[in-house]
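Asks: Sharing the feature lines straight out of TrEMBL:
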- 53-318: domain 'NADP-dependent oxidoreductase' (DOMAIN)
- 89: active site, proton donor (ACT_SITE)
- 118: site 'Lowers pKa of active site Tyr' (SITE)
- 151: substrate binding site (BINDING)
């Protein structure tokens, strides 16, 4: 089986570059000295740069505003510049409070942050996209986001709580018209870049048949036990970058397919790294943006220490032996009366 080649450090631009290598920084940074870590950025097809490591903000139950403000401020102080959130997470106000605090403290400038948020399914209607991004911006306290994503390839009736929907309230996404509305969001300057999340090869191909603006990102579940090779190949061919959520294998949903994997544990022991660091490095070496999620300060720091070493070809080949499993199947969209009869149908057979 062919091993995917790791991304080259030379292929990435670098930010937050206070390191022992005495490299010249590409932009001023005020907070990275506490960790001294290189965080590469890659250039999207929109021409904008995105840091390859993001601070994820989802949790259940959602953090309160003050809690999110505090942990996000801490993450920015540590060195994170990419913040990944969504309307569904119900934390945009807290994220906005954290960003405001960081700006007021002089830790960063707005242009040094990369903020991603997402359009949830209840607003995935052509006439609701623009009001939805404006509401997200209001909660975030921002004039624009750097990236706006369609959260999932489905539509639900407005104002229905997550998974409370019933027959007649879930529909296949009208990809053509909703994407046209997303394109308008970018044209208006409300989002610097636009993209999708949880799109299969089939749905991505359908979107591309109509798109005037190519998605900059497809954010999907991706880790050593869900390698997404076919999807990544399509995205690479079309100039779309992949962003990986659940890079540690869906531990928040009770899965241990990555952190409990014996092959990854062996690699971690041999390299004197944590299993989490091996898992995150694997995602990075495939060229994907890594969406980490921890509200623990020490783990936030640990997650950043993956950029000054590499996995060997032999280690990469070993990871190809790990059984594949989708830990975030979004099976709440599958129920009696839903247009999606099975999980396999929802994912177009791309399990």
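Heads up, the Cβ atoms here are built off N, Cα and C, so glycines get one too.
Curation plays no part in TrEMBL annotations; they are all automatic predictions.
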Asks: For residue 151 (substrate binding site), just count the other CB atoms lying within 10 A of its CB, please.
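Replies: So the number of other Cβ atoms within 10 Å of residue 151 (substrate binding site) is 20.
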Asks: Cα distance, the residue listed as 'active site, proton donor' to residue 118 (site 'Lowers pKa of active site Tyr'), nearest Å?
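Replies: One finds 9 Å between the Cα atoms of these residues.
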Asks: Around the residue listed as 'active site, proton donor', how many other C-beta atoms are within 10 angstroms of its C-beta?
Replies: 22
Asks: For the domain 'NADP-dependent oxidoreductase' (53-318), what's the mean pLDDT in this predicted model?
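Replies: That region's mean pLDDT is 96.
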Asks: Just to be sure I understand the packing, how many Cβ atoms besides its own are within 10 Å of the Cβ of residue 118 (site 'Lowers pKa of active site Tyr')?
Replies: 26
Asks: Give me the CA-CA distance between residue 151 (substrate binding site) and residue 89 (active site, proton donor), in Å, as a whole number.
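Replies: Residue 151 (substrate binding site) and residue 89 (active site, proton donor) have their Cα atoms 11 Å apart.
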